[in-house]
Every structure is written in C-alpha cells, then in structure tokens.
Amino acid sequence: MFWWNILIWLGLWNFLPVLAQDFKPKVSFHSDVDTHGRLSILGFDDSRVVLKLLRGVELYRSEDNGVTWDSVGLPLSSDNKPQEWNHLVLDRIYKADVAYLSGENGVLATGDKGKSWKQLTFLDADNHKIDFSDYSNVGDENRKPIINVEIESHPTNKNARIINIYELGKLDGKFTLRQISFYSKDGNNFKLASSGSKSNDDSNPLNMFCSFVQKSSKSKLYKLKDKVICQESTVLSPFGDVSSKLYITDVNFKSLSPFAEQLQDLSPASTFISDNHLFILTLSDRFNENSAANLWRLEDDSTDKFEQISLGTQIRKSLMDVNEIDGRAIITIYHRERNKDGDNNDDEDKSPFEDIFSGSIEALISDSYGKNFRHLSFDEQKASSLTLSTSIFVKKTMFATWTNTMRDFGFFDFRSKVSFDLGNTWSKLKVSDPEGKWNYNCDINSDSNDCGFQMFIVYGGGVEGDSDIFSPGIIAAIGDVYEENPSGDFLKMGTFISRDDGSTWEKVLDFPSRVVMGDYGNIILAVPFDPESDKDPQSEFYFSLDQGKTFQEYQLDKSFYPTELLPSALDGSGNSFMLVGTIMSEDYQNLESVSYVVDFSDAFKGASCKTSDMEDWYYSNGQCVDGTILKFRRRKQDAQCLIKTTYKDLTFEEELCGCSELDYECADDFSIDSAGKCVPDFSKASLMEKCESKKSIQLEPKKISKTTKCKRPQNIIKEEISCAAVPAPSNVKVTENKFSSIFKSYQYFDTFVRESILFRTDKSEAYVSHDGGQNIKQIQTGGEDILEINFNPFFNSSAYLFGKNKNLFATHDYGLSFKVTELPAGRQLGFPLSFHAKDIQTFIYYGGESCESFFDPNCHAVAYITRDGGASFEKLLEGASNCEFLESAVESPRVENGIVCMVKDKSTGARSYVSSTDYFKTQTVLYSDILGFMSTGGYIVVAVSHGERQLRAYLTIDGVEYSEAVLPADLDSYEQKAFTVLGSQEGAIFMHMTTNLDKNEEFGALLKSNTEGTSFVILERAVNRNSFGFVDFEKIQGLEGIILINTVANAKEIVESKDKTSQKKLKTKITFNDGADWTYIKPPSVDSEGKKYNCNPKNLEKCSLNLHGFTERKDVRDTYSSGSAIGYMFALGNVGEYLTPVSEASTFMTNDGGISWSEVKKGSYQWEYGDHGSVLVLVKDNEPTDTVSYSINGGKTWKDYQFASEKINVYDLVTVPRDSAMRFLVIGSSVNVRGEETRTYTLDFVDMFSRQCQYSKDDLKDFEYISLSHPNTKECLFGHKAKYLRKKSDDCYVGMAPLEDKFRIFANCSCTRNDYECDYNFMRVSDGTCKLIDGLKPADPKDICSKDNSLIEYFEPTGYRKIALSTCNGGLMLANSDSPHPCPGKEKEFKEKYKVNHTSFLAIWIFAVLIFTGMLSFIYYRGIKRNGGFARFGEIRLGDDDLIEENNTDRAVNTVLRNGVFLFSNVYTGLQYFGHQVGNFFKRGLSRFGNTTGPSYQSLLHDQFLDDADDLLVGHDEDADDLASFIENEGNFEIGNDEEVDLSSDTPTHAPYSDNPEEANPHEST
C-alpha cells in the first residue's frame, strides 16, 4: 500500500506540469478599422471598466475588461456636431472613477468610470466664458490653440482641481507657446488664475502655472498641505527677462500672495515639489535662461524660509528634473547643448537622433533630509542619456542604464548597473544560464570583467512605468549581454527575467517583447515587437505561469505591431490583460487597430493558492535596510495555483534592527570624502558661522537618517574642528582644488552660456570644469595621453583633444561629452587644425608621412580634410602645413569651396602659396617662394621672398585678387627683412616693419593701411618689438581708435652705436584717433600712498606714465583692457622719463579709456575683470601670496580677501574670455614634501551684490551713457559724438542684461583736421601738418581708378586722407582737391556728369537779366525818380525819414535803396583808401630818393584823417595770418590745427611728438 501511494503521488506530480503546459488562456478579439492610428485605451483602478477612444471622436466603454463594448455619448459642440478629443487620461489621484478627455475644444470629465461626461467650464479673470474652439487668436485654423492639458486633483479635497493649459498664440507675428492656469472649487467650473500684474511690455503676455503643494496623501509638507503655488513669467522673447514671480494661495484661491520673497530678487525660474521636499531653482542671471543656477530648499517646519543647497556641479534651467525615492531627492541634470550663441551657426544637417543623444547627464541623490547631495557615480564615463529605474515598494534598489553614443538610428550602445544601497555602490547585472541554453560573446561567470546584462527597458517589480504593479522580487526587462561590443540592433535583444530583485538575470526569450505581469508576478505575458521573431508572419504572445521559468507560445491569426499591453488590475493583482496592436500597410499606413483580451482566470483549473503554496521572500537577502528587515509572502515558483486576491495590495512585514553605520549620514557641516568618511566641509556657511570668533569647536560628524526605523541609536563621538582652517564669513565663496600635476595649458570656451574650461597637465592628462573651476573632473580618454588641445574659433562650443595613440576626442557641447574618432595614419606634427567658418563638421588636419624621425629627408606634412566631423578623412594635399578656407579668412570670397595652402617642396625646401576650388584636384600656384601667410580681419596677408633676405607683403580681401602692400618710399632704404601684422579693424591693417634687427635692440616703423589694405603710411618710426617678433602695440577693446605703443626714444643712438651696448629707452604713447596723433600719457598727480612723483608732470617729455607692453607678457591673453568693461584698463609701469624694469613697476588703472590714470597698488599685480567691470580683481605677481584685492565700485575703493590658508606662487588669474562672469580662477602652486603641487582657487563674487541691475530701452535705471572721448576733441571723435552705456549703481550686477545699445552714436559731426591722416608718401612734421617727403612723389592718383571700376573720376592728392573710422560729413574737406579728373576710359561718363546744357544756360541767363533789369527800373521810378532823382542821391543819409512812403511797397523800395546807398558808400570809401595807400607807397619811395627826413604836411594830415575814419570800416582779418602761413609753407600742404596747443597746460594734447631721429627738435609742436 505504501509503494502504491508513492506511485500515485509521483504520477500526479508528473501530471500537474502537463496540465499547466496544456493550458490555453481565453482570448477575445476585437477590431476597429479606419482608426488612422488614433486609438487610446484606459482602465480604472480596482475595476473591470475600460474606456476606448477611437479617431478622437467615438468613445466606448467596457465592463468586462474589454471583451464587449458599448458606445458612450459625449457632449456636442454649440452647433450640435461631434467634438474632437486628443487625449484620454486617468486622474492621478482618483484612479478608481475619474478620467478626462482633452483637446482643442477644452476638457470633458467623468466621475462615474466613464458612464457620463460633463464639459468643464472655463472663465477668464472677468468671469467671461472662454471658447477654446475660437481660433481667431491663432490666425490659422489648421493650428489649434490648445497643445496640451495637465490636470491636478487635491489628494484630500476631491473637488479642488487645477488645470494647466499650454496654448498656442501669436507674439510679434510668430507662434508662441503660452501657459495659462485655471482653478476650480467644485470640480466643474474653472476660473483663470491671475495675479493682476502686467508685463513691462503689454504686447508680451504672462505665463501662469499653478500646482498643489500636497502631491499625495503621503506628503510631509504638512504646513502647506492646503496651499497652491503659482509661478508667473513673461512669454519668452529674445533677450527678455526670463525670471519668474512666485505666489501662494489656498485651495479656494481667495488671493495670491508673494511666495519665497527672500528669493524674488534672485530670479526664480522653476519650482520642484515632491512628498518630502520643495525646491526652487533661481537663475544667477535673469536675462539668461542658460545661466548657472542655484537650488534652494524649503526648510523643515517652515512655510517661506529657504536654505541654499550645494550640489557640487552646475545646473541649468529647463535641463533639470527632481524626483524622490525613499525620502531622498534625485536630481538629473541633462547637459544638452547646441551652438546658440550669436556668433555660431546651428548645424542644419545634423541628425536629429545625434542631437538627442549628443549631450551628457549627471545624477545626484540627497541624504534623507534633502540637504547634502552626492553624485551617483555608476560609471567612469560621461553619460549622454540616462534612465534611473527605482521601485516604489523596495526603494533601495536602483537600476541605471546609460548611453555614451548613438551612432545611427537603430544602433544602441548602452550600459547598465544596479545598486541596492541607493547608489552608494554599483555592480553589474549578473547573468545566469544554468542550463547553458544561450551563447554569449563574453564570460558571464567572471566577476573580474564587465560582462553583464545591459538593460534597455524594465517591466514589473514596481519599477518606473509599471510603478503600481508589484511582484515581489520578480522583474522583467529587455536588453542584451555584452562587455564591449554590442550588437547594436534592437531586434537582436532578448527578454530577461530576475527573481531576486535584479541581482541575477536569465534570458527567457531570444527577442525583445512587451511584458506585463499579473497575480503578483505569477502570470507573465510577453508579446514580441516583431511578429516574425518566431519565423512566421503572424503575431503571437508568450505566457509563463511559473514566474518566468518556462514560457508557452499562443499563436494569433493576425500580424500587427503591439502598441499597448495593459493589465486588468493596475496593481498587478489581476489575471486578465488587454493587448492592443496596429496593422500597417507596406507603405506604413495604418489600416486596422486590433485588441485582444487574454484571460488566465482558469489557469490551474481555477485553483487558488493555499498557505503551503506560499514562501517567505526577504528583500536584500534578509539584510537590514533602513533599520528593518523586509519580508514578503509570495507564491512558490512551481506551485500550481494563483493567489487570486484581485485588487488587493500586497503587504510586507517589517522586523526592526539595531542601528548601524548604514543608518547614519554626514551631518550638515560635513561631507563625505572619496574614502566614505564624513569630513568637515569648510565651504559651508553654517560651519563658518559656528566658528566665528572661536579657535575650535566640537561637532558630531554624523546624524541618524530621517527614514530609518532602527532601534538603539549609536553614540556618535564629537569631533574637534580647528577654526583656523575655516575661512571667515564672507560674500566671496572660495573653492580649492589640488593636483599632483602641473597645468601646461588651460583655456575657456568663448561663450556667455557657460564657464567651461579645459586643462592639460604635464602628465598629458585632460581635465574639464563647467563652473569656472569649482568642480574639475578628469576627462576619460581610456588612459591615452593628450598631447594638445585645439578650440574651434568659429563654433565656440567645440574643441578637439589630440591623443598620443592618434585618437581625436571631439566635443561640441563645451566639454560635456566627447566623441572619439581616429586620425589618419602617420605622425602627429602638432600643427593646429584649420576650421571652416560655416560648417562645424569640416576641418583640416596635418599629419606627417615617412616621419619615423623628423630628420628623415622624406618626412613631410600632409593635409587631410574631413567633412563629417572626423568620422572619415581624405588626403587633401601633400606637403601642406598650413591651409585656410577662404570662407573663414575673408568676408566676401569670390569663389566657392576656396582653399589656400602653404606647401613645402621636399627636395628644395621652398614654400609656395597655392589655391584650389575643387579640394586640390586641380590647383594654382599664386606665389612660388613665400615665408608664410596669415589671415586677419577679413584680409589674407602673404609674406613673399624678394631678392636676398628681403620680403614683400601681398594682400587680398576676396581670395582672388592680390595686391602688393605699398610701403612708404622713405622706407626703401631699409631692407624688409621682417614685419608683423598687428591686426585689422574698421577697414585698415596695422603692421610693424622692423627697421633694426640687432639682437635686443629691435624696433621698427608702425604702419597703417588704407581701406583696401594696399597703401601704408607711417604712424610712428621707432616702435618697440622683441626678438620673437612681438610688438608693443595694443588696441583698446570696446573703444574706437585708442591704441597704446612703446617707442624707442633713443633709436638714433642705438643705430649709431658702434659697440652695440646701448640699451633701449622706452616711452609709452597713446592715440585717441587711430594713430593720427600721438601723445605721452599724462601721469597721475600722486601715487597710491598719496605722495607726489619725483618729476614735473607738466613736462610730459620728462615725466609721463610708461607701461610694460605686449613684449613682456607671460600670457598674451592678458590684455590691458576688456571688451565688456568699457573704458577700464590696468597696466604695470612707472612714472618718469623712461620705462623702468618690471621689478620696479606699480599697478595703474584708468576707467575713462586712458585719459586719466591712477596708481592702485605698489608692485606688480595680475588683474581680471568680472561682470562687465562690476568686479575688479588683483593678485600679487612674482611673489608668494594668499590674498587678492578686489573692487566692486569701479576701482574707487579696494578690499583685501584672504583666499588661501597658506601662501602660494600664483601662475595666473583668469576668467571667461568675455569677462562677463563673477567667478575668477587663481592658478598657482605650493611646494611640500611630495614636491610641487598645483592648486586652484575659484573665487565667486556672486553674493557680493544684493540684486541684479535693472535695465530697459526706455528706462536706463541702473545704467547711464557716458562719453569717453578725449577732452580736446569736444566729444567729436571719428566724425561723430558717441557715448557708452555703463553701470552707475554699485549694489547690483549686470549679468546678461540686454545692453544691445551699449554704444550709441548721438550725432555726426562736421569734418575737422582730426578726421584726416597723412596720405601715402606724406609725413607728419612737427607743426602737425602733412608734408611731402623730400625726394618723393605722391601716389599716382589714377591708381584708385584701376582698383575700383565703378569710379569715373579722381582727385589730385592733397597730402591727406580720411581716417577709415570717421563718419564726418561736410566741414573741412582735405582729402580731395577742387579739380576732379576723369578716370582713364571714363571720359564720356565724366563729361556727362559735369556737362552744361547751353540752351538751358542761355535761357536762364536771359531770364535773370530781365528780372534784374525789371527790378532796377522799378526801384528807379518808385524810389529814386519819385524822391528827386539822382540830384538828391548825394544828399541821402542813412536813417533819414524824409523819403516818400505811402504804403508797404514804398517802405520796401526805400529799404533796398538805403542799403544800396550804404553799400555804395563803403565800396567807394574802400576804393579811396586803396588809392590813398598806393599813393603813399609811391610818395615814400620818392621821399627815399629825395632824402627827406619828415613827412609832408599833405601826407600827414590826409593819412591821419583816413586812418581814423577807415578804422571804423576795415577790421583786422585773423585769417590773413593763416593764409600767410600757408603761402610760406606751400610745399607742406599745411592746414592749421582747429585749436591752439598749450604746451604748458596740464591736459595732455593730441599734438604729435615725432621720434624721427633726423629732426633737430623732435618734440616741437604747434
């Protein structure tokens, strides 16, 4: 009997699995045709009711999980037509019975599971009903006003609802998205939420977005549980104010009151609300939505007090999201950037998929208090996309899936890891294959590699999209298994199952599927995405009744793409499912929508599980988590039953644990270090406050977690903290970083958008920071050394890192992410890339062929071009070492695809200059022997060898026509051995031609070209340069025509010195009119200590301010001035006759463009400008220091700030190139026992100001226009009166305020002498005039005709030409003579212009004679004859009133008559006087011959009478003096100055100081 029973039980045991394998679920089918893909399905919680919306018009309802359907009537429109609805959504809180239909017509709502629907009513602020079907505000009926609707319900007040609508409208003729918010107290009638405020611009409407503070019944924000927060902002417009206003009200919306008032001046941008935390993001710049932002958290038990949260990284508006897990805030920051600066062009050909995956993502998680954040460092590499999957039931588990690249559509390269301790530690997802069924390309059993399950989509387990579905420890996912080389094809992925909450995974299906779970994971339904995954065209689904251990196939008779797979019970407790799919035609047109209801209620013959079928499952293998051990009851895997507790939430049991280290977090004043230890965080303000006036303090380094339930708390020992290391409370924030290597190079990306900077060290490592150096991270290159970094000057978000192994690391998002491409074979030569100005994907790379050794004669450079961003390279030209795209070099190239290159011949070593328009399939040699070429300011300048050891310069402005740079003829005596192109501005090139090349005695002539860049004149003759060709020449940024140079005062002595022992004596000169006039710099009256200088400042020749220039700079990027801090300059120098060594220098400053200077510090300092000059920072140079000096009031006062605990040697003080940020980076080093250590200190001055400056075009508010012109110009410079916009308030910062009118021309002026400079072959002499150089001739005036074919005339040279910058009109015309000549070949046009019509001329002349004769006749008869004729003519006296005047005509005639008599009298007297003087002349001559000793009585009396009388009529003409001077100096083409120059005046003048060694008195001036 015993054995018989055993056989019976064995038979039954073998039979039961057969029953499960033979089971087929009940399947119901339904089809809908002509849906055009518009099908929406919705199920209610804890209910069998399902809704279906077809074609946006027809609504159906099912009460049996979708087996049968009934039509539901919906409200009609006002004209009794069906309304169209776009979205069918379930209420987020009341999922059991409330749903909504929304569309362009408004919103419908149901409260009875879809049986009946009511149209919601919307009212404006004046209680007028809003009709959303009215499209008049859009202007195009094809574009609907409502784009999206978001509906919120209050978790404890069902009738309180908020609806936020995204509405399409028009703004300035463009379609604009606008947010409007409505509230309801009864759930049916909604009124517009409005603060009553208006935008500054009435044409720019306001956005409003409102939200309940209490998001769920679990919310811990108790004091705000019945409150609503609204955010109001203007609809964005270019350069507008992007900040918001925050309001708070209750659920009844009685009134809106300001919220978070302490943040209102800090530009609130976004609000993030979760169950435990309320965060507000504020912008550092209200005018820049991409500016760095700060995060603020509502303090515990407060309603309106916020504390700032430090994240350790930069965050940006609209690129940040906040979620919550187990009371901890998770912040994801998506750094996705495209070139949007004004000087960039978006890449229109860029793949949209590449753009989506082109950024990078950071993720951070807070402690349980939401205060201290740490990075979720799940991988060394930067992620370009990231999915964090967490469970709402077991919250400690996190799955991270990220991608680094997406190469093409359909190619996926992703990685995954799992954490069971909230991101503290991460591990790979282990793969199990106990039966060895699957082949993988890596070793899944090894713990030493990264071979694991790479998760793409996750299902079940209460994770992400299935967050309400709970299956204890049972999770399904789509993904692949690999270590390095993914298959890249989505359809080659598999479906995997885990039964231990993600610790291990097993493949169950060899294709990707949609997966849904029921009966708490005991039923798993999977539908392949591809119907042909099983090699037949029909669709099928697979199901498992043993938690994924085995699957059975169920074949369907249709072929479709599965769009939705829904459970009947939203909590995963049910046993039926709905599968929805779409049948497509071959051309991807939607033909039919199908739905299947799959019912498993009869599985296992309807058996329900008993206690013996259940098992205990412990989360995290029974480890204590948050003070508890979690235990769930779940069905045994092979049990032949279903739990069948439909609509019942599964619960778990908790067992409390004793407190351990895992239940504690770092205290508020501490942060966790790399070793996991809590260390004092000296950057926190709270620690600074506690340490104030104390030597040391004792604090507990840890605090117990807010979410733990552990018992028996540990005794935390306090730690003593020395306050010496804590900086004193200050508005300057300091962040220190230490490196064991030395920075060899560093450079910011030139942009307003970010403060991103790249570093390269002496260990060939590369680092990046996106917050001005506060957080510096190493760029992962796979261990490859970085040899060089190139920045793209045309696309300021792009940079390229050259790897030693010939990899090129490219970034197009300011260093947030890098893509790796391989460089062409051959040796890297270190030549910079050549970029295309209009195509970010196109650049030229230079590699070396046959260069095993650089001394190999066969070693030569080769230029390669890429047009796909480096993905592939083509050989462009052999021997080319420098190329330029014409579209990058000149403004208006005359050819397309033009490229010019310098090519070196391998055999002769000669360099040639070649061009091509077909990527060098054909080429043209333009010059066969050159030294090199460069581009500057729209010109290309080519240095061509000329004769023996001489050069000639050729220029082009279109890339086709080249002209020789014609230098002044008096320089012909000098060999043109070296010249330096100093740049171009406003249509003129500045160039330095070296006239003395002796070592340490170099100097030369400063030249300036005409607009064409072909004809040069000398500005100064002895301008200093060094042996490297650098010149002491600097144009002041942001101001017109101001240049500083250093001249060699003893140039003649140096040239004539035979032993070459003379030292250069340098003096600084400044010009305010682009080089036309130069003067020494007037020194300040006293030094920084209030003492007078030891020289007389009235004598500028002996006492002027001399500055160290470009030739002495350690970093050529350190300029005197800044383009954003208008008028400000710093310089090192001294007051005296000559420039002294830099060791004796002081630091000087000007804020008016160089007119007046002051000494700010003794000794030499480095300087930087911040926030357009709002912040000025100095740091000691050439000696150890721990202190910076700063000024926030334009240099009026200075304060010292100690930024380091010990003195360091400062290498550099840097900030963003545009000097617009308020963060400064100090780079230095200190020496310790381990050697030299690099240290960086980021000084943040953003808290130094209480607010951001206010500005608008109509009201300057915190700004003013100032004139920075030299006083002697009477505000007219370059022919106009210009003013500059500058901040006038010291308590605010500028940021990116839209200062588009920062330079404004108020009026044009008449031309004066200051608007002209000397023409070719003319030179300025000591009296300020332009004189033809002896022995030379003016330029042939006809040459201008050959350069401009549109001209028909030319003028004889006058010795003057108009300064290119001048916009003057009228006034003194010096450039053209009065006699024009026709251009050769343009005689006909010339005559046409100046021809005279003889017939017309004769007619006009006759008409004028007749008029004149008639007038004389009328005056004679009416005036002279009527009053007695000519007889009385001699009796008339001015002022007599005895003439006949009977009417107005008589009075007019007599007035003319009186004036005529007066004129005749004066002319007659003048003739008499002239005759008298002539007579006297002859009489004096005769008297000399006659030897008379005294005058005759006739002469004496007659002369005295006439002199006394005629003095009343004849004045002294001062112009006669000028005329005499012009005649005496007729060869000089002299024009007198407009103003006299007073050399004794304290005011520096524009009068020139000549340094011509040949002049006897070089400093004479008129």
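Each Cβ is built from the backbone N, Cα and C atoms, and glycine gets one as well.
What Swiss-Prot annotates here:
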{"type": "TOPO_DOM", "residues": "21-1400", "note": "topological domain 'Lumenal'"}
{"type": "REPEAT", "residues": "60-70", "note": "repeat 'BNR 1'"}
{"type": "REPEAT", "residues": "418-428", "note": "repeat 'BNR 2'"}
{"type": "REPEAT", "residues": "496-507", "note": "repeat 'BNR 3'"}
{"type": "REPEAT", "residues": "542-552", "note": "repeat 'BNR 4'"}
{"type": "REPEAT", "residues": "767-776", "note": "repeat 'BNR 5'"}
{"type": "CARBOHYD", "residues": "N796", "note": "N-linked glycosylation site"}
{"type": "REPEAT", "residues": "864-875", "note": "repeat 'BNR 6'"}
{"type": "REPEAT", "residues": "1148-1158", "note": "repeat 'BNR 7'"}
{"type": "REPEAT", "residues": "1190-1199", "note": "repeat 'BNR 8'"}
{"type": "CARBOHYD", "residues": "N1308", "note": "N-linked glycosylation site"}
{"type": "CARBOHYD", "residues": "N1397", "note": "N-linked glycosylation site"}
{"type": "TRANSMEM", "residues": "1401-1421", "note": "transmembrane segment"}
{"type": "TOPO_DOM", "residues": "1422-1566", "note": "topological domain 'Cytoplasmic'"}
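N796 (N-linked glycosylation site) sits 36 Å from N1308 (N-linked glycosylation site), taking the Cα positions as reference. For the repeat 'BNR 8' (1190-1199), DSSP puts the residue distribution at 0 helix, 3 strand, 7 coil. Within the repeat 'BNR 7' (1148-1158), the DSSP-based counts of helix, strand and coil residues read 0 helix, 4 strand, 7 coil. The stretch from 60-70, 418-428, 542-552, 864-875, 1190-1199 with the most CB pairs below 8 A to the repeat 'BNR 7' (1148-1158) is 1190-1199.
Cβ neighbour density within 10 Å is lowest for N1308 among the glycosylation sites N796, N1308.
Long-range contacts of the repeat 'BNR 2' (418-428) within the same chain, counting only residues at least 6 positions beyond its ends with a Cβ under 8 Å from a Cβ of the stretch, are 325-326, 328, 365, 374, 376-379, 395-400, 450-453, 501-503, 620, 662. On the 0 to 100 pLDDT scale, the model's mean across the repeat 'BNR 1' (60-70) is 93. A strand conformation is recorded for N1308 (N-linked glycosylation site) in the three-state DSSP classification.
Residues of the same chain lying 6 or more positions beyond the ends of the repeat 'BNR 4' (542-552) and with a Cβ under 8 Å from any Cβ of it are 20-21, 23, 25, 474, 476, 497, 499, 506, 508-509, 513, 521-528, 598, 600, 603-604, 635, 637-638.
Per DSSP, the secondary structure of the repeat 'BNR 2' (418-428) breaks down as 0 helix, 3 strand, 8 coil. Across the repeat 'BNR 1' (60-70), DSSP helix (H, G, I), strand (E, B) and coil residues number 0 helix, 4 strand, 7 coil.
Remark: secondary structure over the repeat 'BNR 3' (496-507) totals 0 helix, 7 strand, 5 coil, with classes taken from DSSP.
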